[in-house]
Every structure is written in C-alpha cells, then in structure tokens.
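What TrEMBL says about this protein:
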REGION    1-57  region 'Disordered'
COMPBIAS  14-54  compositional bias 'Acidic residues'
REGION    555-680  region 'Disordered'
COMPBIAS  570-580  compositional bias 'Basic and acidic residues'
COMPBIAS  581-595  compositional bias 'Basic residues'
COMPBIAS  597-619  compositional bias 'Basic and acidic residues'
COMPBIAS  670-680  compositional bias 'Basic and acidic residues'
DOMAIN    682-760  domain 'RRM'
DOMAIN    779-856  domain 'RRM'
REGION    886-929  region 'Disordered'
Amino acid sequence: MAAPGNAEQTQLQDMEEDEAGVEEREMESDEEEGMGVENSDDEEDESSEDEKENEAEIQRLEEQLSINAFDYNCHVDLIKLLKHEGELFRLRKARQKMSELFPLTEEIWLDWLKDEIRLTEEDANREKVYELFERAVKDYICPEIWLEYAQYSIGGMGSPGGIDKVRSIFERAVTAVGLHMTKGQTLWEAYREFENALLSTLQPPPGRIPSHEEQELLNKQLERIHTLFRRQLAVPLMEMETTYAEYEEWSENGVPETVVHQYKKALQQMQKCKSYEEALLVAEPPKLAEYQAYIEFELKEGDPPRIQITFERALAENCLVPDMWTKYTTYLDRQLKIKDLVLSTHERAVRNCPWTMSLWKSYLLALERHGGDHHTVSDVFEKALNAGFIQATDYVEIWQAYLDYLRRRVDFSKESSKELEELRAAFSRSLDYMKQDVEERFGESGDPSCVIMQIWARIEARHCKNMQKARELWDSIMTKGNAKYANMWLEYYNLERAYGDTAHCRKALHRAVQCSSDYPEHACEVLLTFERVEGTLEDWDTAVQKTETRLNRVNEQRAKAAEKGATLVRRQEEERVEQRRKAKADKKSQKKVQKGRAGEKRKAGRDDDQDEWNKDSAPKRQRAGGDNSATDEFMETETELLGRNAPPGYKPGGGAKKPQQEAGLAPRNQNDEKPELRDDTSSVFISNLAYTLEEPEAKLKALFETCGPIKQVRPVFGNKGSFKGYCYLQFESVVSVSEALKLDRREVEGRPMFVSPCVDKNKNPDFKVFKYNTSLEKHKIFISGLPFSITKAQLEEMCKNHGSVREVRLVTYRSGKPKGLAYVEFADEAQASQAVLKLDGTDVEGSKISVAISNPPRRSMMDKPGSSRPAADMMSRQVYGARGKGRTQLSLLPRSLHRQTAPAGKVENGTAAERATASTAPNAAGESRSLSNADFAKMLLNK
C-alpha cells in the first residue's frame, strides 16, 4: 500500500495531466468549430425543422387519440416519436395511457422498463420499478421480462431482506416460465449463478477453518444449489444434456439415482416434444397452426403445467385470436379451477379481444362461479357494454347472461327484496338499451322475437305469481310485429295454461286464429283441441265457425298470391326472352358491320393484287390460254376446303410467319413434340381459364406447386400465339393428382378454374368427370329465382335457421356468373322438408324464390357427351359443310317453309329442358304429313 504523501502527490499529478488534456481537447474543438461553423449552422437549421415537424406530428397523434382512445397503432406511433424526441415525461404518460387500455407487447414493456431503470438509479425509487415489473408480468408470460425482473432485483440485494426478495422473484419466474422448452433454461441458469455467487461469499479464506455456524450456512447454500440442479433436470428442456454434464462435474458425490431417473424421464418427454419445437423454430410468425398442433398434443398428454405454458406461449404470439383465448379459458374453467389463475386469464382475454362477446360472457360466469362480489360483476358487465361488439345479437346475449346472474341472486320466497327490484330495473334498462343504443347503431334491436321480454314474463308468472305483469309484457311483445306468428301465440297460450286461467287461454287462442298468418292451421287445430277438453257446446260451435271462416279467407289469399306470383314469373320470363332476342340481334348487327369492313379491305387488296398480276403475268396468261378457268376453279376449291378444316402444318395465305412469332411459339410447343415425356396417370387437365391470362405456365406452376413436384406445364396456344384457355399439367408423382383435383373450381382472375383427370377419350369414351345424381334427393333442396347478387354465406345463413346445413352450392355459368339457382344439402329429410315449407315463395332481395326437394331429371342421350347427333343435324352438316352455310351459298327455300324450333323450356330443377317441336303438323299416327304441290303453291301465294 502506498504512503499517504505519495498518494496525494500522485493524485495531484493525475489532476494536472487531466487539466492539460482538457485544455488540449478544448483547443482542438475550437479549431474544429472554427472550420465547420457554416456546416453546423446548416445542421442546426435542419434539426430545428425536423423538431417542428415531429412536434406537429405528436400533436396530431394526441388529438387523434383524444377522439378515439382505442386506436392501437396511433398509441404505438406516438410512443416511438416521443422516445425519439427524448420527451421522457410525455413518454411515460403515453405509455401509461396505452397500458390502461391494452396489454403491451414484450418489446414495449422491455423498452419502458429499461428507460425507467435508467431514470431511477437510487434505491428510494426502486419500488416504482418493482410495481412496473409486476404489471408487465401479468400481461403475457415472457421469459425475457422475468429475467430482466430478476436481474434488476439483484441490484437491491444489499437492502434489508434483499436476498429473500431476489429468491422470491426467481421462484416465481421458474414457476411461470421454467417449463418453457427453449427459453426456460436461461432462467434456471441465472438462478443457479445467483446462488453460486452467494456461495462464494460464504467460503472462508484459504487456510482458515470455518466455524460451526459458518459451516451450517455453507452446507445450507450447497443444498440449495443441489436442489436447483435436481429441479431443473426433472423438467424437459432443450439442451438439458449440458445441464446434466455440468451437475456431474459440480457434484462431489456424483448424481443420485433418483435424479438420474427423473432426468431420463424428462429427456424422453423432451424427445416427444422436440418435433413440435423444431416446427415452431422454422415456422413464420404467428405460427398459429403449429401452436394448435402442439396444444392438442399436450392436452392428450394431460400434464396441466405443460398445457398451461404451451397455451401461454401460443397466446404471446396470437393474442388477437379469440378462439385461442376461448379454448384456454374453457380448459382452466373445467380442469384447473384455480380462482386467481382463472380470473386473471379471463381478464387478459377480454383486454386482448374486447370485441368478442363470448369472452365477456365467460368472464361473468367465471366471476359468479368463483364467488366474485356483486360490484365486480357489475363493473365487468358495464365494461362489456362499452366494448363495441360487432353484432346487435351480441348485446342481447350479454344482457341475457347478466340478467341470469341477477335472477340467481333473488330469493323469491320473499314477496319483495332489494335483489328483486334490481332485477326488474335491469330488465327495464335492457329493453331501453335495445331500443335506443342498439337500434341507433345497427338499425335493429337484435331481439326480434323479444326473448328478454319473454324471460321476464315467465319470471313474473312463475316466481312472482304476477300474471297481470306477464300479460302486459306479452301484449307489448305482440305489438312489436310478432302477432302474425302462430308459434308466438302458442307460447303465450302455454304460459296462460300453466299459470293463468281458462278464460285467458281461450282468448289467446281466438286471437291466434285471427292474427296468425304463417301457420293459421296449427292455431285452429290447437283451439279445437282446447275446446274439446275445456269448452261447452256453444264454445265448440263458436270455435268451428271462426276457424272455418279464417281458413277460407287464408285459402283465398294464398290462391291470389299464387296467381300473382305466376303472372310475375311469366312476365319475368318474357322479359328475359326479349332481352336475349335483343342481345342476339345487336350481336348480329355488329358482326355484319365488322364483316362489311373486312370485305371492303379484302376487296381493295384483291384489286391491287389483280393489277400487279395483270402487269407481271399477262404473257403467261396468254400462253396458258383456255386452261386458266380450270386452274382457278381448282385453287378456289382447295382454299375453301382448307379454310373449313385446315390440316396440321397448313399456313394460310402461303406466306411465312414472322420471326418473332415463331420464336414465341417454339418454346410453348416443344413439349408437344415429345410424346414420350407425357404420362396421363400423373397429369391433370385444366380448363375454363381466361384467354387474357398472362404467363399461364408460371402462374399455374405457382398455384399447383403445393400439390407436389411439377414435371411440366403445357399451355395450349392458337396459330397466332394467343392462349386458348386450357392446358395440361404433369406432376412427378401420381400422388399429387388427388391433391390437384381439390383445387377444382378455384377462382383464377375472376373465373372458376376446372381441374379434371387427364384421360384419353379415344381409349376411354365412356369416361365422365362431372357426375351428378339423377334420382330424388330427399335431404337436398333446389332453389330457383335467386338474385344474382346473393352469396354462398348469405344463402347458408338463410337456410341454417331451418336445420343443419351440410353444403351449399351455387350454380354458375363457365364464366363464373351466377344462374340464380342453388342446391342446399341438409342433415336429414325432415330438415329439408321443413326448409321447403318455410322458404318456398319467400322474397329474397326483391326476388320471389321457388324451393323444392331436389329431383334432377335424367340426362337424355342427346345431352350425354359423345352421343350421336340427330339425323336432321347431320343432314344440315352434309348440306352446308363442316362449318355451316357459306357466305356465298344462298337459300332458295321460301321463308314460310323454314322450320321453326320450339322455344327453350322452363328451368326445371337444375336443367334447361330444350324440347324441339316438329315443323309440320303430325297426323293421327304421330308421323309428319308430306306437303303436296298445292300446299307449296298456297304458301307462296300467302307470302
């Protein structure tokens, strides 16, 4: 150790050297400032402008949050700007506001905690940081936050009780995240390092024997470290082999057998989970599918702590997935049933997904289940009302859950109580809330059947014996548009039957017969049955007379409605036929105009060619003499035949293709020149693609590469290089074909893509791709007259009220445009029959639909692929050629003798039945009568 005088002298020398260094640095800085004054002025101007812009942006964000405090992204942007500007006070306030509304992510919490740690380095302010850490660990289970918490607590271990506080935090950390397969090991190691550091402080200096008390403390500390090793080795963690090797080296007496047994068991468990952990490592965030598979595995294993940590890990990355929170809270409610854990998880769920009504409903039930006080339950319910649900029906359900809770609090043995008054006040408030708040926001109350009022009426009748109040409520229900429904009247009748009297039962049934319009027959039947049991002869006569009168009136109304509907359908059909006729006429006129223009161009071109021919070939024609006519006729005939059915390799016009066109077509057809490379068993045929599809080979390869390795894609192009809308796709393996067929009807650039097996029709002429049932399908309904704008989801929503819907199929044209037809498959025949009764003749978006049990007609031989055409069609092809009548072929048959084809038949359960009528009147035997010369003359004279 140096002498005091020498120490002072050394200290003075150091101070002089520091002062000299400071002066030197100041001189250098002055020179630099003198050299860069202009640059610094420019930088100051730029920085001041940036500060003004940032301040304006901060004010804008604060104003936006004052309007909508639930704008999550706005909160994040404001925090980033304030941190960049160094506005610590405003930054702390912004973070505080955001944490009150939303759970914060791990990154936001760590930034906040590190900033607060830097600002509060004094021990007096450590408690504020501890409180912030406690809030952070409640939002999500994050190993990094727990590790930061433990390390920060180590800094205060010198204060009274500091070591015990550090140990307490470490224990909570390993309990919360010690089972984390990939990050839990870091916490265990930090815990052991802390205990090892304490052990080193207890070691006596070399050469000194510890006292008895010191030895006891030393042994106790060693036992703590042993216990930590044993606990860690019993937990399945990644790289646990390294921990086992470290324990073997550290332990002087080796590893006990019990520890070895627990270690091997944990190692086996780790091997089971390893595949799931590796899948999480390579997956892209948020890894929802991988976490779901991991959770299903852990649920089958049945280890509650591991199930809990897996759910927590999944929610840390999928915090905005309501289904994940629902699954987790349901597991905790039914399996663990630990009050603090269950309620805290429910609270986190509604903070993450406040728009999900089912989570709030589960939270209210959990609070009641675990004995939450009434004030807490009411506060949660009020928060739920302000959460902003997306459907009107959500508010009905949350009110029902709260009213159920209030009803269970009432002791109905007492005539009057505070709880009963609170229940009645809540029912009244719910009705006002639906009428004002919900209807104002959604345009509907969400409770058209008045379920809340029905429950209130039953409670008044059943528990309170107050039928007068129940009848008032039912009167109000009927005035809200429910008087036309027979089932509503029968509900009221059942209530009167159970708790009322005979007079009110009869009155309810008479009103049901008079007012119900959906099923008046049912109301009439119930009334007659009631009078058979309860009524006198006079009552019976009155009931019979009233029911007959009502049913007669209903039948008349239905007949009129049916006639009106038939007239409307007829008018609509006529309008469609007229529209088609006009569209066809417009198309014909356009084609005529185009052909006229093309004819003028060709005529001009022929005139020019003729002039050149006359100039260059006059001597040759003179030498040819009379053979020219035969040669020209032969050339014309050959050209005409080639135009109708050009053979492969034929080049129209006799000219060569453009080089760039040949270059473009060469790579597209190179696979067609190698038939030995094709394999139909591993290929699919893709059709109905848009002709304008650019780069079809690349797009289809990207679309089908998920099905398996692709060997080649062969799009088909025309002579001019344009895509024809179909192609062949060959896979490396046959297994990929079944996966590719699942993409059938996938929409590609606005058109449904057809995917079918690649089959040679020459070898398999009877092969059919598209098959449908031709027998009666009692569990399926056929709907026609649908508006073209209806979607599959809307149709399913409309049908699911009448049964369990298995499949909905909208019938479309090849272009993807709807036909206004659909098939809906139900679970059984009864549901399909019920749907026909309820939906037939109803109005959907201004269109009256027709609904029937599906009974597709059999396809005739004319409709089947590959069937021979009728003789008349073959005759027309023989007369006019393969492509119909030529432009120069004139019809010499009078118009009055042209055969008229019958109009297309009405749409009949999914098919257009086109029936052709004979052109001549049939005789008694059903054969057409031949016309005489007199008949022909008569027709010509009439014309």
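The backbone N, Cα and C atoms fix where each Cβ goes, and this holds for glycine too.
Across the range of the compositional bias 'Basic residues' (581-595), the DSSP-based residue counts are 15 helix, 0 strand, 0 coil. Confidence for the domain 'RRM' (682-760), expressed as mean pLDDT, is 89.
Residue counts for the compositional bias 'Basic and acidic residues' (570-580) by DSSP state, with H, G and I taken as helix and E and B as strand, are 11 helix, 0 strand, 0 coil. Each residue of the domain 'RRM' (779-856) gets a DSSP state, and the totals for helix, strand and coil are 22 helix, 32 strand, 24 coil.
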